[in-house]
Amino acid sequence: MEDKELAKSLLLVTQQPGNIRISNGFGSNDTGASSSASGVTAVLLLSAFVTACSAFAGGFVAGYSAPAESGIIADLGLSVAEYSVFGSIMTIGGMVGAVTSGKLANIVGRKYTMWILDIFYIMGWLAIYFAKYAYITLAKPGDNWSKSKAMAITLSDDEGTDHESESDQERNFIAFTATAEFVLSKSKIEESVDSKLHVVVLIKLVPLQKSRELLGLLWFCSEFLVLMGNSQQGAWLLDLGRLSLGFGYGLTCYVAPTYLSEITPKNLRGGITSVSMAMIPVSVSVAYLIGSVINWRALALIGAIPCLLLPFGLFFIPESPRWLAKIGREKEFEAALQCLRGKNVNISEEAADIKDYTENIQKIPEDKILDLFRQKYAHLLIVGIGLMVLQQFGGSNGYAYYMNEIFELAGVPSITGFMVVSIPQIPAIILGSILIEKFGRRTLLMVSVTGECLGCFLTGLSFVLQNLNWWMEATPTLMLSGIVVFGVSYSLGIGSIPWIIISEIFPINIKGSAGSICNAVNWFCTWLVSFTFNFLVEWSPAGTFFIYGSTSCLGVLFIAKLVPETKGRTLEEIQASLTHILQ
């Protein structure tokens with residue numbers, strides 16, 4: 001009750017047709033249609049480009065595993081189980097990134113969080129690129145120096161290395177030679193003479209009778225090297241890289257839409273954020289297309305390109321004005337807002353609205369994560385979590401992670417399938433960014449989810465006909481049609497709009513905690529779909545896609561009944577009208 005009375009005394013919200021009036025004890029501000037409507041500036045476009053790069057990098061992570069699967073297994077000698085770990089460990093990193101994303105963005109800011117996620121992206125791609133299969137060859141005690149030296153020279157490309165000259169004292173020394181064969185593109189030494197990088201370690205001991213303890217220790221280490229040499233050294237580096245990429249992707253899913261929603265004017269927010277977040281499905285498609293014609297190492301380097309562009313852009317874009325207002329950096333807040341809106345634009349009204357709302361909301365104690373489950377936030381949390389569940393349980397990651405297997409089951413060549421599926425998504429993204437401000441988030445979401453339902457139904461039907469041996473000549477076409485319909489529908493709305501709505505509906509005092517919960521739910525659902533997909537397909541390919549289609553069908557009802565429309569309103573207007581504590 002105290003919170004509610006305090007809130008009412010600080011911020012009175014009344015909704016009028018086409019307008020919301022926010023007033024406080026010091027007067028009132030009319031936030032009508034012209035309040036924060038503004039045009040596109042170079043800084044705003046650059047900011048959108050930077051966030052689009054981070055989203056593109058994240059989508060490339062998701063799309064990488066499917067086209068790289070056969071190459072990695074062949075080159076590094078991984079088992080199917082080991083590759084499955086590689087494919088799914090990204091979701092663990094994503095969940096960790098999701099849980100920490102809100103708090104991290106609140107502490108260091110939106111811009112510096114993007115610096116951090118970019119570091120994890122770059123480290124991840126480099127770890128994958130340099131993952132190799134390791135071989136260890138070891139000289140045994142008792143081998144003379146000449147034999148050990150000969151072995152090292154034979155196995156090493158570096159024959160010109162200066163070794164100590166042979167002398168009489170060699171008879172009193174034991175030579176331990178460890179040669180690590182790092183194979184860049186083949187899993188067998190004899191098949192990769194031209195692509196080996198050898199590192200030779202020559203350890204010469206003092207006379208044996210003076211160092212038996214040291215000799216024992218070195219022999220133990222040598223046995224450990226042998227054991228390591230008999231395992232796939234590439235696997236752990238691959239997994240480490242994939243984990244790092246997942247963490248960066250988890251941060252991206254929260255900070256990219258949040259940053260964009262806080263810097264864009266209300267008349268452009270939906271379109272700009274939609275295009276930027278739609279880079280995720282676009283980059284998944286790009287990874288499929290490029291990965292079908294180049295090897296997995298080159299594909300990893302291509303995935304790192306947007307990560308290398310990010311730092312250059314981050315130097316020139318401002319921090320989120322709303323975050324700066326939240327932490328009390330008033331001068332920087334006004335400078336950032338002016339930079340985003342243009343030098344000659346009067347920002348006084350918009351700046352006053354943001355400051356008044358932020359100051360008032362901060363007088364209410366910031367709620368912790370557990371407090372979000374109280375009744376006053378129930379509607380917002382249901383909407384946020386529900387959209388995350390709908391986005392994943394519609395089957396998007398089932399398609400994304402296992403596209404090769406789906407094409408094989410349908411008898412469609414992978415390259416043909418990837419091209420047919422990927423190309424139509426580009427115009428769908430452009431169309432979605434135009435329609436989102438014309439028809440609103442809810443309408444476009446319902447159209448998108450309905451299309452997903454249709455795509456899943458067509459895919460499932462193709463498997464039914466295949467199992468019954470009916471209409472076999474048309475089954476591949478029906479399968480491709482279903483996947484294309486699903487991909488276009490996903491790109492049109494459900495791929496990006498849930499992130500937009502989540503970045504809009506939560507007040508700034510709970511945005512970090514609520515955003516982390518929704519992000520974590522999304523990643524948990526991602527893991528659940530990727531983990532269960534193979535089991536479901538083994539049970540029934542057709543049934544799998546009918547289940548996904550049924551989820552999308554229920555999602556239409558969820559959107560129609562519970563999801564609010566946020567088109568054409570400032571963040572302060574949206575949050576004031578939705579949060580029970582401010583009513």
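Even glycines carry a Cβ here, placed using N, Cα and C.
Pulled from TrEMBL:
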type	residues	note
TRANSMEM	42-64	transmembrane segment
DOMAIN	43-567	domain 'Major facilitator superfamily (MFS) profile'
TRANSMEM	76-100	transmembrane segment
TRANSMEM	112-131	transmembrane segment
TRANSMEM	272-290	transmembrane segment
TRANSMEM	296-317	transmembrane segment
TRANSMEM	377-395	transmembrane segment
TRANSMEM	415-436	transmembrane segment
TRANSMEM	443-465	transmembrane segment
TRANSMEM	477-502	transmembrane segment
TRANSMEM	514-533	transmembrane segment
TRANSMEM	545-563	transmembrane segment
Intrachain neighbours beyond the transmembrane segment (477-502), with Cβ under 8 angstroms and 6 or more residues off its ends: 253, 256-257, 261, 269-270, 273-274, 276-278, 280-282, 285, 383-384, 387-388, 390-391, 394-396, 399, 406, 410, 412, 417, 420-422, 424-425, 428-429, 431-432, 436, 441, 444-445, 447-452, 454-463, 465, 514-515, 518, 545, 563-564, 566
Most Cβ pairs under 8 Å with the transmembrane segment (377-395), selected from 272-290, 443-465, 514-533: 514-533
Candidates 42-64, 76-100, 296-317, 514-533; stretch with most C-beta pairs under 8 Å toward the transmembrane segment (112-131): 296-317
Annotated stretches the transmembrane segment (415-436) and the transmembrane segment (272-290) touching (3 or more Cβ pairs under 8 Å): yes
Contact check, the transmembrane segment (296-317) vs the transmembrane segment (42-64), 3+ Cβ pairs under 8 Å, seq sep 6+: yes
Positions whose Cβ lies under 8 angstroms from the transmembrane segment (42-64), at least six residues beyond its ends: 90, 114, 117-118, 121, 124, 245-246, 248-249, 252-253, 255-257, 259-260, 263-264, 268, 272, 275-288, 291, 299-300, 302-303, 306-307, 309-310, 313-314, 316-318, 339-340, 397, 400-401
For the domain 'Major facilitator superfamily (MFS) profile' (43-567), the mean pLDDT of the predicted model: 77
